[in-house]
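Reviewing the structure listed below.
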Amino acid sequence: MTTPSMEDYIEQIYMLIEEKGYARVSDIAEALAVHPSSVTKMVQKLDKDEYLIYEKYRGLVLTSKGKKIGKRLVYRHELLEQFLRIIGVDEEKIYNDVEGIEHHLSWNSIDRIGDLVQYFEDDESRKKELKSVQKKTENPGE
């Protein structure tokens, strides 16, 4: 079972490896705005729990278990961003809102949000209808 903090690290490591082909402690620390010693401590825990393989001074690689979870965590994050965009959340608020909610939703809830996103993506008129409803509730009496 992963904690929210472990998930943040796995997600970031997965994204760095996808983007650069590798993830160093310094890159992870910079991306998460934490001290490198905190990264080393967490990486050692993730190694012990078999999410990655870490060799001091040599770098790290995600295990198949780590890759699977990393991919799912990135999907969750991107899906929630997409959902918040569809429902009209201000762009500058989306990242922090996703960070605030992503660890508190069950995978069942994530899957249902995915269904809802798909529903809106399948037919552009549904998005327009939602915007129309939002306009009415924001400006009652118009």
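Numbers here mean position along the shown chain, with the first residue as 1.
Cβ atoms here come from the backbone N, Cα and C positions, even for glycine.
Feature annotations, courtesy of Swiss-Prot:
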- D8, E99, E102, H103: Mn(2+) 1 binding site (BINDING)
- E11, H77, E99, E102: Mn(2+) 2 binding site (BINDING)
- 1-63: domain 'HTH dtxR-type' (DOMAIN)
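The Cβ neighbour count for E102 (Mn(2+) 1 binding site), using a 10 Å radius and every protein chain shown, is 19. Secondary structure from DSSP puts H103 (Mn(2+) 1 binding site) in a helix. Cβ contacts within 10 Å of H77 (Mn(2+) 2 binding site), excluding its own Cβ and spanning all protein chains shown: 18. Mean pLDDT, taken over the domain 'HTH dtxR-type' (1-63), works out to 94 on the 0 to 100 scale.
Sorted by the number of other CB atoms within 10 A, the binding-site residues D8, E11, E99 start with E99, the lowest. Around the Cβ of H103 (Mn(2+) 1 binding site), the same chain contributes P4, E7, each under 8 angstroms and 6 or more positions distant in sequence.
Rounded to a whole number, the distance between the Cα atoms of E102 (Mn(2+) 1 binding site) and E11 (Mn(2+) 2 binding site) is 12 Å. Under DSSP, the residues of the domain 'HTH dtxR-type' (1-63) split into helix, strand and coil as follows: 38 helix, 8 strand, 17 coil. Summary of the Mn(2+) 1 site environment: with the site residues D8, E99, E102, H103 set aside, the chain residues having Cβ atoms within 8 Å of the Cβ mean position are P4, E7, E11, H77, V98, G100, I101. Calculated from their C-alpha atoms, the gap between D8 (Mn(2+) 1 binding site) and H77 (Mn(2+) 2 binding site) amounts to 10 Å. According to DSSP, H77 (Mn(2+) 2 binding site) sits within a helical segment.
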